[in-house]
Every structure is written in structure tokens, then in C-alpha cells.
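Notes for the one structure printed next.
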Amino acid sequence: MEAIWLYQFRLIVIGDSTVGKSCLIRRFTEGRFAQVSDPTVGVDFFSRLVEIEPGKRIKLQIWDTAGQERFRSITRAYYRNSVGGLLLFDITNRRSFQNVHEWLEETKVHVQPYQIVFVLVGHKCDLDTQRQVTRHEAEKLAAAYGMKYIETSARDAINVEKAFTDLTRDIYELVKRGDITIQEGWEGVKSGFVPNVVHSSEEVVKSERRCLC
């Protein structure tokens, strides 16, 4: 029987508070944008299936982390069991861009001995007239850390699918090459799930959400 999904990838979304992490994830998993969003307390959990090639689906387990300092000790615990992530900054908030280095350094400390595949995301690109960070300097920073760079807008649904799908494809290619392997005791990558019964296509493509506070 064909697996519903080939692999499960655990992803984290990190960045300063108010950069729009929760809005981006909800746009991707639920297809909606909330004008008002309460700050994440601790960690929120979402999931969605992504078809990277015809008939090849990856289940994404996405962890939305709180950006406030008082919750950082909680969110750090989720770094080690993630294989990939989106690192967000707000293009209208230069401080959030300046803090990208701090987020990356913190992640390196807590993921050992593993590594996380990151994509740098300049969020809220619909507010281009208020931009405080140029695309050029963001691309330069991303290149310095070996990351891809993409600009997104949860409000206008710009590049949201692309950000998650591109990251998923990059991880999948690393798994196929053997650069990333399934390891006992590590939740970053899991092998596919085969159900006991055949589900309809409507049942397969679902998003689910759980809040861990």
C-alpha cells in the first residue's frame, strides 16, 4: 500500500516577537490571515502535507515558537529535534533583522550534534513603503550563512507556499543523498506512514493544530 507520506519533517519557525511567525504558519496550514493575533505562549504545533512531486508527499510538523525572551528556555528544547526551519525578520523592523545572527548562534548551540536547514524570510513584504531592510543586504546576510532568502506576506499570501515548499524540497534532496538520515532518538525526520485503511483525498489533506503552553 502506498504511504500517505514518504517522510515527516519537523520544522521550527523562529524570530523576534511580532515578526509574524504565527500569521505565516496559519496562512500556510489554514489558508487564512488573522488581522489580530495573540502572541504565542511557549510553543504552538501545526501540521500539513506537502506534495513535492506527483505522488510524493511529505508531512510537515511545524513548531511555532515564542519570540519573547521569557519563553526562550521553553522553545530552545525544540531546536534539537528539528531538521529545518524558517528564520523570520520583519522588513519594516531593522532590529529584528539585526537579531538574525543571535537567533542562528543560539540555534547552533542547542541543535548539536545535528544541523538545521534554514531559509531566511523577510516577512511583511506587502509593507514595502515602510521597508527598513533592503533585499540586497538580506540576500547578502543569507549567503554569508549559506541560506536561501525569500520575502513573504501572510496578509497578501505572497510566497507563503513557496517558502515552506522550497525548504521541504531542500531537506528532501539532502535525505535522498544520505546527507540527512533517520536516527533513533531524533525527531527531525521520520519515515512514511501507511494506514490500515485507505483514506479519501479529502481526509488526507488536513491540517491539525495543537497548543503546548
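We number each residue from 1, going along the chain as drawn.
The backbone N, Cα and C atoms fix where each Cβ goes, and this holds for glycine too.
Database features (Swiss-Prot):
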type	residues	note
BINDING	S17, G20, K21, S22, C23, S37, T40, G67, H123, K124, D126, A154, R155	GTP binding site
BINDING	S22, T40, D64	Mg(2+) binding site
LIPID	C211	S-geranylgeranyl cysteine
LIPID	C213	S-geranylgeranyl cysteine
MOD_RES	S201	phosphoserine
MOD_RES	C213	cysteine methyl ester
REGION	35-43	region 'Switch-I'
REGION	67-83	region 'Switch-II'
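In the three-state DSSP classification, S17 (GTP binding site) falls within coil.
For the pair D64 (Mg(2+) binding site) and K21 (GTP binding site), the Cα-Cα distance reads 7 Å. For the binding-site residues S17, S22, the ranking by surrounding Cβ atoms (within 10 Å, all protein chains) places S22 first. Reported as a whole number, the C-alpha separation between S22 (Mg(2+) binding site) and H123 (GTP binding site) equals 12 Å. Within 10 Å of the C-beta atom of D64 (Mg(2+) binding site) sit 27 other C-beta atoms, taking all shown protein chains into account. H123 (GTP binding site) falls within a strand when secondary structure is assigned with DSSP. The average pLDDT computed for the region 'Switch-I' (35-43) is 57. According to DSSP, R155 (GTP binding site) sits in a coil region rather than a helix or strand. Counting every protein chain shown, the number of other Cβ atoms lying within 10 Å of the Cβ of R155 (GTP binding site) is 18. Cβ neighbour count for C23 (GTP binding site) (all protein chains, 10 Å cutoff from its Cβ): 23.
Least crowded of the binding-site residues (K21, H123, D126), judged by neighbouring Cβ atoms within 10 Å of its own Cβ: D126.
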